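In TrEMBL this protein carries:
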TRANSMEM  B:7-33  transmembrane segment
TRANSMEM  B:53-78  transmembrane segment
DOMAIN    B:55-244  domain 'ABC transmembrane type-1'
TRANSMEM  B:90-115  transmembrane segment
TRANSMEM  B:121-142  transmembrane segment
TRANSMEM  B:186-211  transmembrane segment
TRANSMEM  B:223-243  transmembrane segment
Amino acid sequence: MGQGAAPFLELQGVTKRYPNGTLALSDISLAVAEGEFVAIVGASGCGKSTILRHVAGLIAPSAGRIRWSAPPAAGGIGMVFQEPTLMPWARIQDNVRLPLDLAKVPRAEADARVSALLAQVGLADFAQAYPRELSGGMKMRASIARALVTRPRLLLMDEPFAALDEITRQKLNDDLLALWRDQRFTAMFVTHSVYEGVYLAGRAIVMAPRPGRIHADLALDLPYPRDEALRTDARYATACRQVSHALAEAMRAEGAAA
Amino acid sequence: MTALRRLAPLILGVIFLLGWEGTVRLLAIPAFVLPPPSAVVVALLADPQTLGLSLWFTLTVTLQAFALAVAGGVALAILFTRSPLLASALYPYAVILQVTPVMAIAPIVLVWVGYERVDLAQLILAWIVAFFPILGNTTLGLRSADAGLRDLFRLYGASKWQVLWRLELPSALPYLLAGMKISGGLALIGTVVAEFVAGSGTGQGLAWRIVDASNRLNTPRMFAALSLLSLLGIAIFALLSLIQRLALRRWHDSEAGRP
């Protein structure tokens, strides 16, 4: 980043105050480079999700603005929510095809992309299944497939694996990194888990609560590709300690700011 | 055990009918007070053509009113969820129409349409009672679409039409089907009430057969017409339950996984 080129995405002094007076975000400034994997780490209620919702364009800031090197086209942003958020009445393949259907992509082309992506996330055999017939981890895979089906330049993830068991979660972390390497999208990943954030990201944004603000912006110099071996690597332990320390500081700073 | 549970209502019904038959014969109760089931069957078979035509007539009026109630209820629910102003303006009147007993409206409607058009009065009254559960349930269903999915549709720039067609209507389907099960029975009640209130005139349905038989103190025939009405109500309920089941069994918790 830097070197004069405009960043892929930049939040400039983004502030969000709700009509009831609650200050959800205070003066968030954050630049994200193309292809970066950024983790946003913080406790519940510190505005992590609110940042993503601003970037997705689902809510507008009360002050400040969001600048793009090139404004995203329709389908240029994919989003994975805390819940799988699948349509229960639609088969998995129809759920994953939804963004293409909404953009009126021809059916044959859409179907080809859906089956390729379902194979990539390991759901090829479940294309015809309904969401209720799938496990929590599989539903999340379908949700990720749907977010990637438009080949977005930016993938927003809002604590996608928080509800999953540890083993499923680690498997999905590895699969997500593989998809990121393969498709080269920019990723913003919200989590309350320091270990998950450090395992995935090249950079950790540590948030402080009430009002939500950035407490620290830490580069995580751990090499990619990453795998299970990283979890026992001393550098991983150091990075986790560094982020945990910043998070603890951020929580203490709450009293000072209020 | 499951077989017994399935057969239990049937067994109970047979015991009840036998007990009824036996009691009437044993106590020598006159048929115009309480006819035995066998006399009801005889009355049914004595004049199958008239009763059959009446059944057909009641059935068609009920189904027409029901279809109009579903179409009108869904259309108005869609309008209500598009325009909060229209909803708050019209909703109280929809409630008034619903809470006013249909028996009390029937004479007024009959005066308006004329006693020579009882069938039209039946259609209107059946529609009035059948309409509200559709409107209420569909409105609730359209509003209950998942908030996360609404965000997703917005993220992809979905049009209002796409949101309605692909998100809100499928979300409303379980609610609509539940409303239809209530409305189907109510439409039959509305059809019957109109004919009862008309008393005479051009009524041709089963309710008129009951009134007519009552005037002649032909109690077995009253029971025969009544049993056909019950069967019609049961058939409507069973058909709508089947539709509900087929539409929801793959994806909705209310029907999925049931034996």
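Using N, Cα and C of the backbone, Cβ positions are placed for all residues, glycine too.
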Counting Cβ pairs closer than 8 Å to the transmembrane segment (B:186-211), the top stretch among B:7-33, B:53-78, B:90-115, B:121-142, B:223-243 is B:121-142
Within this structure, do the transmembrane segment (B:90-115) and the transmembrane segment (B:223-243) have 3 or more Cβ pairs under 8 angstroms, counting pairs 6 or more apart in sequence?
no
Across B:7-33, B:90-115, B:121-142, the most C-beta pairs under 8 Å with the transmembrane segment (B:53-78) come from B:121-142
